[in-house]
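Notes for the one structure printed next.
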Ligand SMILES: [Zn+2]
């Protein structure tokens, strides 16, 4: 993170700054809006912004009202380390992500504190939610759970209080945006598949984290659309810094970078560059935020075992579908993706011991209230070590059988 940190920036309701900022943005005229290019595969996730964008395509602005069962679940989401996001998805008729985001933005006073545009925020959230493909695992429900977990880390995990007070609204905004967009437009296949099949996304991003680069590029395209740019009143230097942090957070969700990130974080917390007087130092902000998103992204390992098994089944099914695809196109089937062999649910013990426990241990060492997640991860680890494996395998298989086929949104 550069020295001009969030801590050094303040938000002005300043017309001059606003006008300058607006002129800096790649704004589109109404003619340009009406002739946005035809969605290609690369643009599939942002296709709702395509031809003929009109107010009827933005149904979220100004009127979102949730009924009592949804309100009760949102109340629970504010304080649960093991939230049943599936129940919220069902009760809200597929709007768990939007419902949670609006709740947290409101609770934390971000709209008022940062002069965000509430209607454009709703537009943005609606486009994000609809731009997620209904993959078994990488879908808007997973993202809603990641957002809820990040909120818990910040509030009940007391991580937000570890940042300089003046920067807290921007830290929170940055974190929420990163969570909301972090798997946007995920195609249900991993980076290896994209790279080895020379997919358009791999070609575009030169084989560097094609999934994560795609999520960012597609989501920022939506965010900066005039109808969705809820940050338009923020000074441009603040928006640039938020964008820089969000990019670094989402890129570090690429699991091929996991061990390097954990190692960097452990070195950081052992050094004098981490905290002073109980506050995270400016140069450490970037890495701390990266770790928080990673911890939230893997939160399915820290929730009640019954919910955890649901997500394991979903991930296993998504991996099998990739294996099916590899077989169809004549590629070698990737490890743990062959439907005729044991899947990733059979390798959970090693995954917890090598990946999950060290992640939450590192974070708990830095922020002790995160130990709730660590303890829950250890409970789930025990399930995989001590549980009856054939019974668990049967449960996972049953859960997998109920996952609907993947359908792609078409404009
Ligand atoms: Zn994710």
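Glycine too: its Cβ is placed from the backbone N, Cα and C atoms.
Please treat TrEMBL annotations as automatic predictions, because they have not gone through curation.
The C-beta environment of residue 138 (active site, proton donor), restricted to residues of the same chain at least 6 apart in sequence and closer than 8 Å, consists of 132, 183, 186, 188, 318. Taken from TrEMBL, the feature active site, proton donor applies to 138.
Less than 8 angstroms from the CB of residue 348 (AMP binding site) sit 312, 384, each of them six or more residues away in the same chain. Residues annotated as AMP binding site in TrEMBL: 138, 139, 140, 141, 142, 183, 297, 348.
Residues annotated as Zn(2+) 1 binding site in TrEMBL: 142, 182, 183, 297. Cβ neighbour count for residue 297 (AMP binding site) (all protein chains, 10 Å cutoff from its Cβ): 24.
Under the heading Zn(2+) 2 binding site, TrEMBL lists 183.
Annotated domain 'PDEase' per TrEMBL: 62-391, in sequence order.
Annotation source TrEMBL lists region 'Disordered' at 14-39.
When each of the binding-site residues 142, 182 is scored by how many other Cβ atoms sit within 10 Å of its Cβ, 142 comes out lowest.
Checking the binding-site residues 183, 297, 348 for a CB within less than 6 Å of any atom of ligand 1 leaves 183, 297, listed in sequence order. Residue 140 (AMP binding site) and residue 182 (Zn(2+) 1 binding site) have their C-alpha atoms 10 Å apart, to the nearest angstrom.
The two recorded residues, residue 297 (AMP binding site) and residue 182 (Zn(2+) 1 binding site), show a Cα separation of 9 Å.
Close to residue 141 (AMP binding site) in the fold, though at least 6 residues off in sequence, lie 85, 86, 89, 96, 97, each with a CB less than 8 Å from its CB.
Counting only residues at least six positions away in the same chain, the Cβ atoms of 132, 133, 186 sit under 8 Å from the Cβ of residue 139 (AMP binding site). Excluding 142, 182, 183, 297, which define the Zn(2+) 1 site, the same chain contributes 138, 143, 146, 179, 186, 253 within 8 Å (Cβ to the Cβ centroid), listed in sequence order.
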